[in-house]
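Peer 1: Next up is a structure, given as structure tokens.
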Amino acid sequence: MSRYTGLIERYRDRLPVSADTRLISLGEGNTPLIQLQNIPRLIGKEVDIYVKFEGLNPTGSFKDRGMTMAVTKAVEAGSQAIICASTGNTSASAAAYAVRAGIKAFVLIPEGKIALGKLAQTLMYDAKIIQINGNFDKGMALVKEVAELAPVTIVNSINPFRIEGQKTAAFEIVDELGFAPDYHCLPVGNAGNITAYWKGYTEYARYSASHAAVTRNLPIMCGYQAAGAAPFVAGHPIENPETLATAIRIGNPQSWDLAWNVQKESGGWFDKFSDEQILAAQKMLSQFEGVFCEPASATSLAGALHDISIGKIPEGSRIVCTLTGNGIKDPEIAMQQCADAKPVTIDASLDAVKRAILDSL
Ligand SMILES: *Cc1c(COP(=O)(O)O)cnc(C)c1O
């Protein structure tokens, strides 16, 4: 078995690279698909739920799948600098891949609205951080304008190479399960990722057909948003999106038409969930399955559990939920979630420690 060197190498035949392309990679992709064992029992439903834990990518989010492709292609085209607007994870990822490539990264972030871990990472990767007193949507508009005036390549998900890289998550799922799930649930912000998964599933189905393998049904795509930032549920952009799930605090999704197309073609739907429901799902995954994702990521499970409970997703279904980012990204929310479980300090004596153990058993 050869050493794993990243998703472009693995799916080279289905990505826009040539034999001469210099690959900018940190070994992204190949993330675990974990079958939930305790939560289905807890809710008393006969369902197979798998979580695709994208928090285990090199910078801790699925953005790395798109970034390896986008930066590879930017470098191939001779670009010396990349730029993005970000709620945090895109900036961390862009910064890391820019360092790897030896080019510059500029990132626009909304002041005070990015999780601590993401800011720390982006600083460590030595990106040029431009903080604006406006939200993501404002930053995105500025990035599009400035890229017309300065020699910088945009690496937000409006860059088509981002979608190309991200579609490989669907390839991995079908490769591993041997079939496509019945339902695929995702948190939706700019809707690049739901677009990418659908592209991946449909391409895989065509690819299998041409290789005479068994072609299974395509999944129904479920896109879930935070209640305070749910333009797809409202049917129009939202002026002032608000949610604790900062990664999806987006009011004007960049892949608007593409995501509606996914909804129609797959027979899926959009829905929204409160911050309380999202945080409860995040806690549940940590507490009962040992999987710690960031708040936005848990929106996929919050949605799946809701739709299972009302029978919209029927028993017997095989469901994949994408967990887009790592829980360590947002330590402040995690600490708030566990405010009642603050550790108590006791005497450093054998007797006191023994008593502490016996009291908790
Ligand atoms: C970027 C991001 C999302 C949203 O993905 P879109 O492609 O913008 O819909 C969700 N969760 C996390 C953790 C993210 O970083």
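A Cβ is built for glycine as well, from the same backbone N, Cα and C atoms used for every other residue.
Those TrEMBL annotations? Automatic predictions, nothing curated.
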Peer 1: Can you pick which of Asn38, Asn89, Asn133 TrEMBL lists for the same pyridoxal 5'-phosphate site as Gly189, Asn190, Ala191, Gly192, Asn193, Thr324?
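Peer 2: Between Asn38, Asn89, Asn133, TrEMBL records just one in the pyridoxal 5'-phosphate site with Gly189, Asn190, Ala191, Gly192, Asn193, Thr324, namely Asn89.
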Peer 1: What whole-number value in Å do you get for the largest C-alpha pair distance within Asn89, Gly189, Asn190, Ala191, Gly192, Asn193, Thr324, the residues recorded as binding pyridoxal 5'-phosphate?
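Peer 2: Across Asn89, Gly189, Asn190, Ala191, Gly192, Asn193, Thr324, the widest Cα separation comes out at 15 Å.
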Peer 1: Taking just the CA atoms, what is the gap between Asn193 (pyridoxal 5'-phosphate binding site) and Lys63 (N6-(pyridoxal phosphate)lysine) in Å?
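Peer 2: Here the two Cα atoms lie 9 Å apart.
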Peer 1: Could you measure between Thr324 (pyridoxal 5'-phosphate binding site) and Lys63 (N6-(pyridoxal phosphate)lysine) for me? Cα positions, answer in whole angstrom.
Peer 2: 8
Peer 1: Including all protein chains displayed, how many Cβ atoms other than that of Asn193 (pyridoxal 5'-phosphate binding site) lie within 10 Å of its Cβ?
Peer 2: 28
Peer 1: In the structure shown, which of the binding-site residues Gly189, Gly192 has the fewest other Cβ atoms within 10 Å?
Peer 2: Gly192
Peer 1: If you count other CB atoms within 10 A of each CB, which of Asn89, Thr324 wins among these binding-site residues?
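Peer 2: Most Cβ neighbours within 10 Å: Asn89.
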